[in-house]
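Asker: Residues or ranges marked as GTP binding site in TrEMBL: Arg19, Arg69, Thr104, Lys165, Arg267, Leu268, Arg269. For Cys26, Cys30, Cys33, the entry in TrEMBL reads [4Fe-4S] cluster 1 binding site. Residues or ranges marked as S-adenosyl-L-methionine binding site by TrEMBL: Tyr32, Gly73, Ser128, Met199. The annotation [4Fe-4S] cluster 2 binding site is assigned in TrEMBL to Cys262, Cys265, Cys279. Positions annotated as domain 'Radical SAM core' by TrEMBL: 10-229.
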Amino acid sequence: MTPRGGLVDRFGRAHHDLRISLTDRCSLRCTYCMPAEGVPWLARSTMLSTEEIVRVARVGVDLGIREIRLTGGEPLLRVDVVDVVRRLTALTTPEGEPVEVSLTTNALRMPALAAPLRDAGLTRVNISLDTLDRAKFLQLTRRDKLVETLAGIAAADAAGLHPVKINAVAMRGVNDDEIVALTRFAVDRGYQMRFIEQMPLDGGHTWDRKVMVTQAEMLEQLTSAFTLTEVPGRGAAPAELWYVDGGPHTVGVIASVTAPFCGACDRLRLTADGQLRACLFSQAEVDTREVLRSDEPADVVDEGIAAAYRRCLAGKKAGHDIDDPTFLQPNRPMSAIGG
Ligand code: SAM
Ligand code: SF4
């Protein structure tokens, strides 16, 4: 039995949300995420087995985790992703409640996997779609896969993985003229559209504050086409939401750079190679792999994992300081952290 005690950081913030990266590999090469040649991949031997992932998650759930989001890289590239979902959705909180398991994906494997994932207990999905234009999709992701991505979105919808949320990173001169069109696409189908400010996390280190499309710029376009009404009660959600033309559909902006939500953040991250991170932008990581692979008795291993969670939280900073001149981009790219 894992020692309890809660996942509270030094600012008194309780943490309930664990993002687990299932792999750092990906089937696309989005320019804001990775260079064309990819990034140095994690060694296979360092990647957690499904057994190890479930164990770290179980200790987290005993300590207070209530939501798990699977991500990557591209999580659907993990061959046993359905089994991972089935085993994570079987976890229960100390109060006997189920844990909500969702997924962020590029959707390319969704046509084959949507129904099995739903049957394994997956509740909902966030799908990346940055453009509706085939040539731009090729330019942005370096792969000619718009048709397959749209089929993946439709498959997730048909399987009932609701609400389907669509994520787009707005890029100046690339897709920033599609903010209204993407929102219409989502609203017409009952999906929830989310625009994300580009963050300094790409493997190619190409981020430039000056060319980043800001929340203010996105809202200018949105309000020229729609009547937006603020949705109250944001809680710990990263996106600020507005009803589109009176609702019920919403559009959101994740303004991680110009309006960071660090004060309300209740997330922890586990990388595919077993490192716990308190923030996307952390320089520090706390290892779980060594204790997981030790010969210690089960209760000692569980205590070691619980200690890793606590050490990770103890190092959590008040905010990410992207706008501070001393800000340093983390060594790990987004694809190896788990977005
Ligand atoms: N491959 C999956 C996908 O694209 O949805 C999951 C992993 S991806 C790293 C998770 C999210 O991070 C995606 O919505 C993607 O658009 C976003 N993302 C990646 N690089 C980013 C960056 N530099 N700034 C902002 N968001 C980024
Ligand atoms: Fe792959 Fe997602 Fe990164 Fe695009 S954003 S390259 S789909 S991990």
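Yeah, the Cβs are placed from backbone N, Cα and C, and that goes for glycine too.
Mind running through what each feature is packed against?
Answerer: Same-chain residues at least 6 positions away in sequence with a Cβ under 8 Å from that of Arg269 (GTP binding site) are, in sequence order, Leu18, Arg19, Ile20, Ser21, Leu276, Arg277, Ala278, Cys279, Leu280, Ile337, Gly338.
DSSP assigns Cys26 ([4Fe-4S] cluster 1 binding site) to coil, not to a helix or a strand. Residue environment of Cys26 ([4Fe-4S] cluster 1 binding site) contains 22 other Cβ atoms, counted within 10 Å of its Cβ in all protein chains.
Ser128 (S-adenosyl-L-methionine binding site): 22 other CB atoms within 10 A of its CB, across all protein chains. Following the DSSP three-state reduction, the secondary structure of Ser128 (S-adenosyl-L-methionine binding site) is strand.
Taking all protein chains in view, 20 other C-beta atoms sit within 10 angstroms of the C-beta of Cys265 ([4Fe-4S] cluster 2 binding site).
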Asker: If you draw a 10 Å sphere around the Cβ of Cys33 ([4Fe-4S] cluster 1 binding site), how many other Cβ atoms fall inside it, taking every protein chain shown into account?
Answerer: 22
Asker: Let me know the DSSP-derived helix, strand or coil state of Arg69 (GTP binding site), please.
Answerer: strand
Asker: Going through the binding-site residues Arg19, Arg69, Cys262, Cys265, Arg267, Leu268 in sequence order, which have a CB under 6 Å from an atom of ligand 2?
Answerer: none
Asker: What other residues of the same chain, not counting Cys262, Cys265, Cys279, have a CB atom within 8 A of the CB centroid of the [4Fe-4S] cluster 2 site?
Answerer: Pro260, Phe261, Gly263, Arg267, Ala278, Leu280, Phe281, Lys316, Lys317, Gly319, His320
Asker: If H, G and I count as helix, E and B as strand, and all else as coil, what does DSSP give for Cys265 ([4Fe-4S] cluster 2 binding site)?
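Answerer: SS state of Cys265 ([4Fe-4S] cluster 2 binding site) = coil.
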Asker: For the binding-site residues Arg19, Cys33, Ser128, Leu268, which sit with their CB under 6 angstroms from an atom of ligand 1?
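Answerer: Only Cys33, Ser128 meet the Cβ criterion.
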Asker: Counting distance between Cα atoms, which of the binding-site residues Arg69, Ser128, Lys165, Arg267 is nearest Cys33 ([4Fe-4S] cluster 1 binding site)?
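Answerer: Ranked by Cα distance from Cys33 ([4Fe-4S] cluster 1 binding site), first place goes to Ser128.
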